[in-house]
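Asker: Heads up, here are the entries from Swiss-Prot:
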BINDING   Cys452  heme binding site
CARBOHYD  Asn219  N-linked glycosylation site
CARBOHYD  Asn277  N-linked glycosylation site
CARBOHYD  Asn320  N-linked glycosylation site
TRANSMEM  15-35  transmembrane segment
Amino acid sequence: MQASDPIPPQLGVPFATSYAALTVAAVTLLAALLVHELSAYSKRRSMPPGPFRWPLIGNALQMPQIHPWLTFSRWARVYGDIFYLDALGQHIVVINSATVARELLDRRSSIYSGRPHLTMVGDLAGYDRMIVMQPYGDELRQQRRLISQTLSTSTIGQYYDIQEAAARRLVLGVIDDPSSLEGQIKMNIASIIMLVTYGYTVKGTEDVFFGRAIEIMDNLTLAARPGVWLADMIPQLKYFPSWMPGLSSLKAAEAWRKLLHTTNGMVYQWCKENSENGTAHLPNLCASVLAQAEGKATLQLEESLMWAALTVLSGGLDTNISTILSFILAMLHYPDVQKKAQAEIDAVVGSGRLPQISDKSSLPYIRSVIAESYRWLPATPLSVPHALDEDDIYDGSFLPKGSIIMPNVWHMLHDPKIYPEPDAFKPERYGGSDIEMKKVTDIAFGFGRRACPGFYFAEGTIFSIVVTVLATCDIVPVVNDHGQEIIPDIRYSTNVVLCPEDVKCTFRPRSEQAKSALIDSMTGVL
């Protein structure tokens, strides 16, 4: 029997199958890409409203450089409580309502507690380990604990004598030399913070550590300015040598970093050595933490403590200075408020003694004046930006991961629907209610896990200065050569911390008895 011819391989079937499979795969891939693009487009369409965005650059050319909170407030009247900006691909979400801020930054704080990465202030100038700049994590939580356990409501009473002594020295200094107003405010607030934090006594305006502290604060303010530094827009520049043309900012950052790290180590080491030998004032934050460690403080704990202490110093300095200057400016523009506040002090405290922080609960109008100072010219009008760690949805709007979240504190505290005549300084708007005042401080001192850990300590400093000034002096305008009173304009800087500019006045003692009481109260605390 003849063998049958071999059957040729059936090449056509597998080829057809492979072609069909490739076609299905290609169609599936295209469909997936289409779905992805449609989803991305849908997300983009569902983002919060905002100003028109140009292709590629978005809103980069529209971003305000001067007093951005005012521009954002105007946009809020058009786009609502939350709006979206795109600056060269960087997502920015601006929150203009306390209700929205509470929902996102408080209730959803697990994903809204990050910080945007800023190359200039962090990588280059070296402020990245301070609480205000750190991403949310273990070290930040540890630093906040170290501050909170020393400056809590149960412990701050031990520092009242320091705050009161500095307030009285401040007033005497301005009485003697009105031109020293800003210098006296800076020196005495620094004295309070450095004594409480490090046990270090500031010896005067020429004190080396005081001078370095002010310089560190000023450098932080410069380095953190948004939209100013090329390195923040092109982070790769941090790897370039500072001698290259056009990169002089890198050289400045090197100097800022050196000053920061050198001073941080020096003042911490001073505290450690002098707390042990009894030279430093006790208690102080650093010494208290080290004492609790009972000689077993790790290097990691000491580094966290060193940066936590520096945060209290630099973070407390500029915001407290801002608030006191705002208060003084308000008293110059609203003398009737000043008279009413003085009348309350006279009725409650009398003229036989100087007011104390312990009088605070009996002085609701003074508390209202302070709350109104926080509201009228908030120290941080855009707070400090948060960063969103995950995609999120709010009220049907898509908020993308990596967004910079900017709480527009200025608008929240100047919304005419909540605060009628928002540009007017009116302590009466609170009706003496601490609940209403707390609504202001809850906004002015930050949100969620990023709220100021030194709030109660700062309150004592501000109250002590405000009540001491009002009890003993009239805040009056300076007089020019023609006998005309010069009331300073309401002008302020464009920085992370708003600070009134060119505030000049005279502290005129209300009586010789008041001035004598100030002089007699000077003790060895400072």
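Each residue, glycine too, has its Cβ placed from N, Cα and C.
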Asker: Which of Asn219, Asn277, Asn320 has the fewest nearby Cβ atoms, counting only those within 10 Å, among these glycosylation sites?
Answerer: Asn277
Asker: What Cα-Cα separation, expressed in whole Å, is found between Asn219 (N-linked glycosylation site) and Asn277 (N-linked glycosylation site)?
Answerer: 33
Asker: If you draw a 10 Å sphere around the Cβ of Cys452 (heme binding site), how many other Cβ atoms fall inside it, taking every protein chain shown into account?
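Answerer: Result for Cys452 (heme binding site): 21 other Cβ atoms within 10 Å.
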Asker: Quick one: Cα separation, Cys452 (heme binding site) versus Asn277 (N-linked glycosylation site), in Å?
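Answerer: Cα to Cα, Cys452 (heme binding site) and Asn277 (N-linked glycosylation site) are separated by 32 Å.
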Asker: What does DSSP call Asn219 (N-linked glycosylation site) in the simple three-state scheme?
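Answerer: For Asn219 (N-linked glycosylation site) - judged by DSSP and reduced to three states - the answer is helix.
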Asker: Between Asn320 (N-linked glycosylation site) and Asn277 (N-linked glycosylation site), how many Å separate their Cα atoms?
Answerer: 31
Asker: Under a three-state reduction of DSSP output, how is Asn320 (N-linked glycosylation site) classified: helix, strand, or coil?
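Answerer: Reduced to three states, the DSSP call for Asn320 (N-linked glycosylation site) is helix.
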